Amino acid sequence: MPGAVVPGAVVPFGERLTDAVAARGRLCVGIDPHPGLLESWGLTDDATGLERFAMTCVEALAGEVAVLKPQVAFFEAHGSAGLAVLERTTAAAQQAGALVLADAKRGDIGSTMAAYARAWLADGAPLAADAVTLSPYLGVGALHPALELATSTGRGVFVLALTSNPEGALVQRAVGPDGRAVAQAVVDELGVRNAGAVPLGSAGIVVGATVGAHGLDLAALNGPVLAPGLGAQGASAVDLARVFSGVGHLVLPTTSRDVLRHGPDVAALRAAALAVRDEVAVALG
Ligand SMILES: O=c1ccn([C@@H]2O[C@H](COP(=O)(O)O)[C@@H](O)[C@H]2O)c(=O)[nH]1
């Protein structure tokens, strides 16, 4: 079960991700059960439709792509039944060999952050995934409990740095008193954490493929870069190559709607994902 964390034999997420990308290619596909997509797949907008949607994604993709990224919000929207679907989706995807990144964007302080960390990163926690997305806007230091727990359980984190949406720039490109952009400060703090890790650290960042000229220095990050924005948000594989020139080996492109619109046919979904994977491989070299 390559996607699972084996207690007592902790293999860091950065290493597991490197192996997964080597075996399956450089792509993450999002499982985003939008109400509109449920409808276009002929499914009901309830926990039953959600489960059918998510398990179809698992059937089509979990044996092929390196990482699946359930968007937690779409599961939470269905309450406890939706979260139960998320638990089963994560288990099924890992069973089929994919790594699972829970896109939950958690971020808080002190004991609350510690509780979020336990929810997503502790061994045996019902919702635990291989990695989780975190928001640093209460301070990167406030994420410490999650970074520590991820390290001890062999899991990973992806911290928002420069997000794919245009609204993010006002906060993320703001320049601090030391002359660095906020996003660069996030990158630098995680780079310190990843220093010396081989083949790659487990503390990743999120930088959108849509961000254009960003001026971020990623040379010392030594961690994975989740790059959303491909397809439905307008970025192409060529944009990806341009935005991540020189650091393509760190990049994990992710796309959701552009693949999911090909469902519910399993073969069509899989073919769409593999086409994106191949296009990205050519562009990133
Ligand atoms: O900067 C970010 C961070 C996260 N996302 C999430 O990724 C997917 C993108 O879906 P598409 O259908 O490929 O646009 C979605 O779950 C977002 O919440 C992001 O887009 N940008």
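For all residues, glycine too, the Cβ spot is worked out from N, Cα and C.
Mapped onto three states, the DSSP output places K105 (active site, proton donor) in strand. Non-local contacts of K105 (active site, proton donor) by the CB criterion (under 8 A, 6+ apart in sequence, same chain) comprise T133, L134, S135, L160. Sequence annotations record features per position, and here TrEMBL assigns active site, proton donor to K105.
Residues or ranges marked as domain 'Orotidine 5'-phosphate decarboxylase' by TrEMBL: 26-272.
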Reported mean pLDDT - the domain 'Orotidine 5'-phosphate decarboxylase' (26-272): 98
